[in-house]
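Peer 1: Sharing a structure below in structure tokens format, with a few things to ask.
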Amino acid sequence: MSRLQDVVVNEMKVKKQIDSVEEIQEIKQFIKAYVKSHSFIQTLVLGISGGQDSTLTGKLAQLAVNELKEEGRNCKFIAVKLPYGVQQDAHEVEDALEFINPDTTYTVNIKPAVDQSVQSLSEAGIKLTDFQKGNEKARERMKVQFSIASNTQGIVLGTDHSAENITGFYTKYGDGAADIAPIFGLNKRQGKQLLAYLGAPKHLYEKVPTADLEDDKPQLPDEEALGVSYHDIDDYLEGKEIPGTARETIEKHYVRNAHKRELAYTRYSWPKYNK
């Protein structure tokens, strides 16, 4: 294992192997402890896309909330459907919601807000690319979730896991923004393992992962966009040797996207760019 891989593995907290029961209990306890330590929290809010990560996070959140209720805490889990117009895989969102069984579900169509934002920028002389418009979608979705959390005295859950975090494969202040990230410390295959144990429909965790943000490239697979497979990313995070080209790609993503893992830099931040 290279020196950088050792640093990354320690930072990303991925275990070589997990016990499903222990891991689920640990994540539920983390969520419950956070809620208990913040008396204002009445809701946990999460956007549900129909993909592996939001399905797992949502299920664990609802299980934690169920236990909190049994312990006398008044709180609920809010799932949010956030389509941009008509969502191509809307049936998978419904399947995920049926599996999660959330206390409350809202639907907010982000298309009018995103299109208006793009138009306003265009009128100001700023023409967004399709990729940049995709980031607008991600940020609008997170804006909506924070609005709901604010309105219901809640917090927003993130779906960021370590295979996503290492590559920076998320929109800064979009899906990368949240109050807590319960499934950080898992890689992609471990997330699948937990969903299988929890009895999720197979197609929700065996589907090809996609951010599906670009109009010109609908359902673009994550692995195609990243240029590396989740199998290699997962192996890397578990401290295993992987092909050199895959290692170089992962480490390039890690270094280039370091800014996404940090809060805003100040003049006291390291490295000191003002020198």
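Using the three backbone atoms N, Cα and C, a Cβ is placed for every residue, glycine included.
Grabbed the feature section from Swiss-Prot, which reads as follows:
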type    : residues                                                                       : note
BINDING : GLY47, ILE48, SER49, GLY50, GLY51, GLN52, ASP53, SER54, THR159, LYS188, THR210 : ATP binding site
BINDING : ASP53, GLU164                                                                  : Mg(2+) binding site
BINDING : ARG139, LYS172, ASP179, HIS259, LYS260                                         : deamido-NAD(+) binding site
Peer 1: Taking just the CA atoms, what is the gap between THR159 (ATP binding site) and ASP179 (deamido-NAD(+) binding site) in Å?
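Peer 2: Cα-Cα, rounded: 11 Å.
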Peer 1: From the Cα of THR210 (ATP binding site) across to the Cα of LYS172 (deamido-NAD(+) binding site), what is the distance in angstrom?
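Peer 2: The separation of the Cα atoms works out to 17 Å.
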Peer 1: Work through the binding-site residues one by one (ARG139, HIS259, LYS260) and point out the residue whose CB has the fewest other CB atoms within 10 angstroms.
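Peer 2: Among the binding-site residues ARG139, HIS259, LYS260, the sparsest Cβ neighbourhood within 10 Å belongs to HIS259.
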Peer 1: Look at each of the binding-site residues, GLY47, GLY51, and point out the one with the fewest other Cβ atoms around it within 10 Å.
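Peer 2: Among the binding-site residues GLY47, GLY51, the sparsest Cβ neighbourhood within 10 Å belongs to GLY51.
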Peer 1: Out of SER49, THR210, which has the highest number of nearby Cβ atoms, where nearby means within 10 Å of its Cβ, if these are the binding-site residues?
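Peer 2: Per the Cβ count, the most surrounded site is SER49.
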Peer 1: Using Cβ-Cβ distances, find the residues under 8 Å from ASP179 (deamido-NAD(+) binding site) that belong to the same chain and are at least 6 apart in sequence, listing them in sequence order.
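Peer 2: In sequence order, the residues whose Cβ lies under 8 Å from that of ASP179 (deamido-NAD(+) binding site) (at least 6 apart) are ALA149, ILE155, VAL156, LEU157, GLY158.
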Peer 1: So which binding-site residues out of GLY47, GLY51, ARG139, THR210, HIS259 end up within 10 angstroms of GLU164 (Mg(2+) binding site), measuring C-alpha to C-alpha?
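Peer 2: Checking Cα-Cα distances against GLU164 (Mg(2+) binding site), none of the binding-site residues falls within 10 Å.
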Peer 1: Looking at ATP and its recorded binding residues GLY47, ILE48, SER49, GLY50, GLY51, GLN52, ASP53, SER54, THR159, LYS188, THR210, figure out the farthest C-alpha pair and report it in angstrom, whole number.
Peer 2: 19
Peer 1: Give the helix, strand or coil assignment DSSP yields for LYS260 (deamido-NAD(+) binding site).
Peer 2: helix
Peer 1: Using a 10 Å radius around its CB, how many other CB atoms surround GLU164 (Mg(2+) binding site)?
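Peer 2: Result for GLU164 (Mg(2+) binding site): 28 other Cβ atoms within 10 Å.
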Peer 1: From the Cα of LYS260 (deamido-NAD(+) binding site) across to the Cα of GLY47 (ATP binding site), what is the distance in angstrom?
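Peer 2: Taking the Cα atoms only, GLY47 (ATP binding site) lies 20 Å from LYS260 (deamido-NAD(+) binding site).
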Peer 1: For SER49 (ATP binding site), what is the secondary structure by DSSP, using just helix, strand and coil?
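Peer 2: Where SER49 (ATP binding site) sits, the three-state DSSP reduction gives coil.
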Peer 1: In sequence order, which residues at least six apart in the same chain have a CB under 8 Å from the CB of ASP53 (ATP binding site)?
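Peer 2: Correct list: THR159, HIS161, GLU164, ILE183, GLY191.
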